[in-house]
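Copied over from TrEMBL:
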ACT_SITE  ASP109  active site
ACT_SITE  ASP309  active site
DISULFID  CYS122-CYS130  disulfide bond
DISULFID  CYS343-CYS380  disulfide bond
DOMAIN    91-417  domain 'Peptidase A1'
SIGNAL    1-20  signal peptide
Amino acid sequence: MLIKLLITLLLCNIIAYSSALVSENGNPDPEPGIIRMTLTRQKTAFEQHLNNAPFLKKYGINSDWLYKKHHKPSPRTNDSIAMFRYLDNEFYGTVVLGRTGKSLNVAFDTAWTMSWVLSSQCNHFKSMGCMFHNTYDHDKSKDYKADGRKIVVPEGTYNLSGFFSYDSVAVAHSNISNFSFVEMTNVPNSYLFNKIDGIIGFGLQHDAYQPFFYALVDQKKIAQPIFCIYLNRDKQSSHGGNIIMGFIEYRHVHSTKDAANNIVYDPITFKDIKPGYLWEFDLDAVHFDRQKGGPLIFCKGTGCTAFTDTSSNSILGPKADIDEIHKAINARSFFFDKYTVDCDTINKLPEIAFTIGGKNFTLAGRDYTIKMTYWGIGVCLSAFEPYESSNTWVLGGAFLSEYYTIYNIEDKQIGIVKAA
């Protein structure tokens, strides 16, 4: 039976969609000062783990945490790497780390600064989460430089551990040298179902560590200090979207035509970023058009803060506010602080609007629900989850699939506009 388990996991990885750092016509992006990274969509690790949890338990891989509500997402700190966050992530790209020629599938996280990859020194028998992943072997890279500093991060009942290293990173047609990252040698068993081999942090620099995008700018690999994220709203497509570094790709910006048949792009709303490593900005209010009892208005008067998070599909908000939303849409408790709604009611669900810079950014019911399969049965999850901060909202993939976002590290601004 153990052999059956290993074969099942191997096939699960083989049939996973692979990503490629090429432009959408299949050729390397030739434009100087511009880097285009294509993202691939796959089933989330949460869905895969949930459907295989009883089978895995026979072999000592404990999945009880999926069914408990003991964990609630807490405010982000820069000294924690919450691995469970990436269980909700379905967008991946590819980089080549070191002069090894070996590609690694990575997630791009706007809510985290540090980058890390699974190390070849991760023992599969002691840390099963490393199995069936591409790993980085620094002994095979001529560009590798030792750092030696160790990192141990407590996360619940397990520790994440590894050490810092330096090496080159190839992205599309470009590369950077002497990039600092963590070689992770110990990860939780639940990581077994995650298709990513590491994380590239796209957060803001706020200490001595230089994040990936800052290294690109510092080494003059891109024309402008901006990157833009487009997530494909077609959830049935394996093409997940792209990250453009160096310019704004207006074909992803919603537009109309004027009387003279000229294309008119929607105006981009820019907001200043607060100090810290998150792309955090002021949120004026959140309006939920409840069908009974009148609209719900959150952050009224005092306002809130919000930040974007590409590591998750969820939208997080203060627990009391999320509870009211779930009550209004008749959501039922599922697993891991998630809720389900009746799939037949999705098109009838109320709209929610996030007021940013005086403008409403609206999501319909189909935008804030996520379809998945649970033991062969279709389930519709609410994208809303509780967050322990009393005045912060986290805008993940459910929001970012509808709105194109622009990040400027020089002006410390984020831009938001309806996606085409």
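Cβ atoms here come from the backbone N, Cα and C positions, even for glycine.
Just so you know, TrEMBL annotations are computer predictions that nobody has curated.
What you are looking at is a predicted structure, and each value in this text was computed from that prediction instead of being measured.
Features per TrEMBL, on structure.
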residue: ASP109; record: active site; DSSP class: strand
residue: CYS122; record: disulfide bond; DSSP class: coil
residue: CYS130; record: disulfide bond; DSSP class: helix
residue: ASP309; record: active site; DSSP class: coil
residue: CYS343; record: disulfide bond; DSSP class: helix
residue: CYS380; record: disulfide bond; DSSP class: strand
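Taking a C-beta cut-off of under 8 Å and a sequence gap of six or more, CYS122 (disulfide bond) has these contacts in its own chain: CYS130, THR135, MET184, THR185, ASN186, VAL187.
ASP109 (active site) sits 7 Å from ASP309 (active site), taking the CA atoms of both as reference points.
Mean per-residue pLDDT, taken over the domain 'Peptidase A1' (91-417), amounts to 91. Local packing around the Cβ, expressed as the count of other Cβ atoms within 10 angstroms, is greatest for ASP309 among the active-site residues ASP109, ASP309. Long-range Cβ contacts of CYS343 (disulfide bond) within its own chain (separation 6+, distance under 8 Å): LYS371, GLY378, VAL379, CYS380. Counting other C-beta atoms within 10 Å of each candidate's C-beta, the disulfide-bonded residues CYS130, CYS380 are led by CYS130.
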